[in-house]
Amino acid sequence: MNGLGREQHQDFFIEEQVRTDRLRQLFRQSVSAVFGSYLAAGMLCWLCWDRLEPRLMIGWLVLLAGSSVLRLSMFLQYFRSPRSERTPQRWERHYWITLVLSAGIWGMGAFAVMPADDRLTQALVMLFAVGMSVSAVSCYSAYRYMTIVSMALVLLPCTLWLLFQPSKMQMGMAVAVLVFSSFVVGASRKLSEALETAFRLTREIERAHSISTRAAQTDELTGLMNRRAFFEKAQVLYDQCKRTHQPLCALMLDMDHFKAINDNYGHQVGDQVLREIGQVINASFRQSDIYGRLGGEEFAVLLPDTTLEVAREIGEQLIRAIARLSIDPVQVLSASLGVASNYAVGDDLQHLMNAADQALYRAKAMGRNQVAVAS
Ligand SMILES: Nc1nc2c(ncn2[C@@H]2O[C@H](COP(=O)(O)OP(=O)(O)OP(=O)(O)O)[C@@H](O)[C@H]2O)c(=O)[nH]1
């Protein structure tokens, strides 16, 4: 993937993360809406029990209870599902369906129970409907269109009916509700934009942090871990092997006569040699092993759960692989390697690395291009 392609891919990835964050926010914020909408309807029915048609109220409350149970079971499924399955693709449609159903039942129910000739009760019904629509702003702020649709479904049936009534007071109430709603819709846009910006910024900061952390831990030339990252990870591995009484071996590798390669062919060729050695090392070890470039032409590897004999054999294979490299115009390439085991040397990482280093210098002293084991 080229630079532009990678950037587009990362932007797409951030967009997906922001959508997932919005969905999580929606589910977290709106659990209370299920109880709130049922309570509001229940309270309205209780307050107006003598003024409204009981059969209609009971029918409304039963339908609302059904849609609330449906919504609650969706919330339960969402919160019980593994994080990897809480995706917008999986949940947004479900959410929309249950939202439209419950807001529709609320709005149509309020319209059905509204008496044609009792202004006080009409005002009370409108008061509760307006309260419901205001709470939609706080519950669905992560999804602006959900706010608007739920407000419309709750408010419009009663409001439109009032708008076309002959009385000035009824018409005025409807117009006031519509004007008030238009302000709420405007505010919901600002709120959802602010939320989305906050989610995007958080994700971008996380991405920048992970890029800078990776850069701080990586050796630029070879792409392997740098010295600091190697010793940080090595300490964790060393402690873990010590706790679990696992054998742990260290390999120290140093190129032979590397100065001559630089002197004879130039620094760029020297750099290319280091890059290719980095690739050989990268391809030679397990995921559980730790390896990095300690500096110059020196590399280190830690092999958990590995005996000294096996580590020595792995070291032999590594210097044979390096000797087989053909990097034009370099004629001959070789490396020396020292091996040590945590069973044979002192009680900390530094001792283990020093022992492998001393073995490396013995390999150099014995004529290079070979492996020496710490005694
Ligand atoms: N091209 C290149 N050279 C480097 C880099 N880092 C260190 N060097 C060179 O590596 C060389 C190391 O030389 P020495 O320490 O004398 O080791 P050597 O020539 O390999 O000799 P022995 O280790 O004794 O076999 C020096 O010339 C450094 O300048 C690097 O990142 N790129």
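Think of each number as a place in line: the chain as shown, counted from 1.
Backbone N, Cα and C define each Cβ position, glycine as well.
Those TrEMBL annotations? Automatic predictions, nothing curated.
Here is what TrEMBL records for this protein:
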- 246-375: domain 'GGDEF' (DOMAIN)
- 31-49: transmembrane segment (TRANSMEM)
- 55-74: transmembrane segment (TRANSMEM)
- 95-114: transmembrane segment (TRANSMEM)
- 120-138: transmembrane segment (TRANSMEM)
- 145-164: transmembrane segment (TRANSMEM)
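Within the chain, the transmembrane segment (95-114) has long-range Cβ neighbours (under 8 A, six or more residues past its boundaries) at 23, 26-27, 34, 37, 41, 44-45, 48, 52-53, 56-57, 59-60, 63-64, 67-68, 70-71, 74, 121-122, 125, 128-129, 132, 136, 140, 146, 149-150, 153-158, 161. Per-class residue totals from DSSP over the domain 'GGDEF' (246-375), listed helix then strand then coil: 60 helix, 31 strand, 39 coil. Beyond the transmembrane segment (55-74), the same-chain residues lying 6 or more positions past its ends with a Cβ under 8 Å from any Cβ of the stretch are 34-35, 37-38, 41-42, 45, 49, 94-95, 98, 101-102, 105-106, 109-110, 112-113.
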